[in-house]
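Read the structure below first, then the notes.
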Amino acid sequence: MLTVDRVSKVYRTGAFGTNQLTAVQDVSFDINPGEVVSLIGESGSGKTTIGKMVLRLASITSGTITLDGVDISTYRGRGLKNYYRHVQGVFQDPFSSFNPIFKADRVFAMLKGQYFSSMGRDAWQHKVEAALDAVRLDPAAVVNKYPHQLSGGQLQRLLIARALLLDIKVLVADEIISMLDASTRIDVLNLLAELKADGLGILFVTHDLALGNYISDKTVILQKGVMVETGETTAVFTDPQHPYTQQLLASVPRLDRRWQK
Amino acid sequence: MGRYLGRKGLIYALTLFVAVTINWMLPRFMPGDPISDMVSRAGLRDPEAAARMQAYYENLFGLDVPIWQQYLNYWGSLFSWPPDLGISMWSFPRPVGDLVMGALPYTLALLIPAILLSWYVGNKLGALAARRKALDNTVLPVSYLLTATPYMWLAILLVWFGGMQLGWFPSSRAYSGNLVPEFSMSFIGSLALHWVLPFLSLFLVALGGWAIGMRNLVIYELESDYSNYLGALGAPPRLIRKYAFRNAMLPQITGLALQLGVVLTGNIVTEVVFNYPGLGLLLLNAITSTDFFLLQGIVLFVVIGVLICNFVIDIVYVWVDPRTRTGLQGASA
Amino acid sequence: MTDMKSSPAGRSGAAAPAPDPASAAPGQTATTDPLGAAPALAGRRRSEMLYFALRNPKVILGLSVIVAFLLFGLLGPLFSEFGPRERNAGPLGAAPSSDFWLGTTWTGQDVFTQLAHGTRATFQVALMAAAISAFIGMTMGFVAGYRGGRLDEILMMITNIVLVLPVFVVVIVVTAYLGISNTATQALVIGLFNWTWVARAVRAQTLSLRARDFVDLARLSGVRTLSIIRREIAPNMASYLVMTFILLFAGAIVFAATLDFLNLGPRGGMSLGLMLQQANQQAAMSLGLWWWFVFPGAAITAITGSAYLTNVGLDEVFNPKLREM
């Protein structure tokens, strides 16, 4: 469905772009319906950049990303808008995802204006309530509230509900639970698992190996923009080939072991 | 450091380029014919003399060669030595360069002390006000009042009050009319007396802005995390204030560069009010007599002067702010 | 840092330095935390801000003075039977009296009439010029900050060039050649040269707001760039933009008055700067006709001073931390 093929991203820095910085180099993977792919790497590994390229928030320096065989970088205006009907994202910091001076449900209104302008008021109301229901949010608790009046978990679920309003095939989830409390984390994770079961393809960007292992079917390990290892999650985690992956796995603190000198 | 200054240098070079180009373009592309304008305003009775004058100026403008060559020639004349800025109409037939050079010392004698002293005293006052509530309550309103005062109004008030009502200081010209410029006590004394009021006018208005800026900056620094941390460590308030002051200085130094244009404007009107024979008065004379050569010569001179000052301030900044030296880009160009 | 002007009031007038509207800690706030006011605004309703603003004594005093002068400029001319340039309207050089409230000039013009007409013209020019500067500066700042990259470099290069240029002197040459014929032209010339600090300040704020995820989310919602700037970014710095406009207004008043004082203003008509010019040229100081030059100068000072005062007050409202000091 979504294919990332030898994609690179080079940033220009300094006066008039005299210096170059390679953030992502030759990364390839694909996401099929009902599949979760985790992008795992430490900060600066380029994992967020890949997510942004998939979402067309960052330009692609070389390589191609295709959705159902169509190169997404060719989309302009109406085409891009249509692309966003199928591919959506949720970001790390829920509080940064909402414009602080407006009410939180404005993210729905924005979609209504752009995609469902002809839909009647009641029909829209129903649609929103169904989406909120799908993410287990009580409409009364979240509608007409300012972002700072809601919790991080509520906000993230609002954003997932927002994505569900569209006809999405791929969801880019960029560290979406790393800023949440442990108790809400698992709720959001389970929510993703349900969506996956409904056939949604998910690009799960994280720095947390355990999370990647928990949720994903395929795993891509990134180091400094380069893909060091990729494959079925079980294979990567049980039999890592690359020394970087081995080192990563060895350094994960485990629930069943205490720190020893 | 080299990069920082290099970037600044590029901006200055481009600025000079823009200024010179505007200067060159204005008389050529403006509606009307500035040369006939100038000649007719010269009010020559003899038509033959007027025609000769017209021919002379057209030749000077170099209007008989292609336009791109006119442009290059213009640059060429600026870089020749001494720079050829043309002949003044207003004070025919003196070269513009001579007139500007004659006026420059008076302007500098006003500007340099006014800028530096107002900056120094303003910063001191502001830093003091930041830590004494009582002082703050007087310094701040007075500073705002001063900074809201238009230069020409304060100058006029000083002429009226200091010059006319009290009669303490002369309020017109740079020295008494009965003296000839020479190196003597009486001449220098007269020069000094005439200097006081125009200087005060420039000094006072600029003072307010610096005091406000410094007060706000110091308060901001004193509330910052590093100040709180130092305080928590038990560092003496004197030390914290010293650090705060040093950090607050940095924007004030850049501010100096940004204020140049403003003080310059103030200087022009102050000289007009006090009839002080500097560049500002010369500029007014050039305007009223539509002497475009003189006008452009002054402008070019002022632009170059401002660029030089900017560069000097940049060098001082590099010297004061270590970040510009280590490439941390403390001040972005 | 250090981009911003430090002296807030900074004589924003003539050659246009960069008084940062966030006058509390000018230079600093604008860059280390360009959104100084934003968190305070977070979630709070705009009307609430207005409530606090209209209860801040500085804002009340500043706005009252400005509105008073505005009304004076609008209505004042109606109370006068003379023209602003009408000679021999009264005795020559008469002191303020019940017949001529603010006295007369050396040629017998009524100072009250001149002041009323001058105030009106001053407001006209300053408001127009401020609007033009605000438009140019904000457009440059928003575009440079939002688009970034090469375009940002080019726009900022242009801004920096105009910033270094002694603008007032350039304006003098331009007006000397053009010959300013009316207030609109004067406003245009001032507006065209007096926007640099706005561009830089707005760019800095836009840059930091642009990095927030809600901008990306708006893009993912198919909202176009212009709408994102207008509806997502600009509202977050509304308070800042208001303060910017007030400072531009104050700056334009001084700028226009200075041009008029050098007799480079519109021909005909009357303005506060022109009154000062005529008083100075006709030696009102040595004649002792203080009412001729004290009133127009005081009017300029009062209007610009009130604008600064309003800004300080607004800053206290938008940055609640300052209220404690």
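Note that the numbers count up from 1, one per residue, in the order the chain is shown.
Here the Cβ of each residue, glycine as well, is placed from N, Cα and C on the backbone.
Just so you know, TrEMBL annotations never went through curation; they're auto-generated.
Annotation comment: TrEMBL describes B:104-313 as domain 'ABC transmembrane type-1'.
Sequence annotations record features per position, and here TrEMBL assigns transmembrane segment to B:9-26 (among others).
Per TrEMBL, the feature transmembrane segment maps to B:99-121 (among others). Same-chain neighbours of the transmembrane segment (B:99-121): 85, 88, 91, 174, 195, 198-199, 202-204, 206-207, 210, 252, 256, 259-260, 263-264, 267, 270-271, 276-282, 294, 297-298, 301, counting only residues six or more beyond its ends whose CB sits under 8 Å from a CB of the stretch.
For B:142-163 (among others), the entry in TrEMBL reads transmembrane segment. Panel annotation: around the transmembrane segment (B:142-163), residues 122, 125-126, 169-172, 197-198, 200-202, 204-205, 207-209, 211-212, 215, 265-266, 269-270, 272-274 of the same chain, lying at least six beyond its termini, place a Cβ under 8 Å from a Cβ of the stretch.
Within the same chain, residues 109-111, 113-115, 117-119, 121-122, 125, 143, 146-147, 149, 151, 154-155, 158-159, 162-163, 169-171, 173-176, 259, 262-263, 266-267, 270-271, 273-274, 276 sit at least 6 positions outside the transmembrane segment (B:183-207) and bring their C-beta atoms closer than 8 Å to a C-beta of that stretch. Annotated transmembrane segment per TrEMBL: B:183-207 (among others), in sequence order.
As annotated by TrEMBL, transmembrane segment applies to B:248-274 (among others). Residues of the same chain lying 6 or more positions beyond the ends of the transmembrane segment (B:248-274) and with a Cβ under 8 Å from any Cβ of it are 106-107, 110-111, 114-115, 119, 123, 127, 150-152, 155-156, 159, 171-173, 194, 197-198, 201-202, 205-206, 209-210, 213-214, 217-218, 220-221, 280-281, 283-284, 302, 306, 309-310, 313-314, 316-317, 320-321, 330-331.
Cβ atoms under 8 Å from those of the transmembrane segment (B:294-320) belong to residues 1, 4-5, 8-9, 12, 15-16, 19-20, 23, 26-27, 78, 85-86, 88-91, 96-97, 99-100, 104, 249-250, 253-254, 256-257, 260-261, 264, 279, 282-283, 285-287, 331 of the same chain, restricted to positions at least 6 beyond its ends. Look at TrEMBL and you will find B:294-320 (among others) tagged as transmembrane segment.
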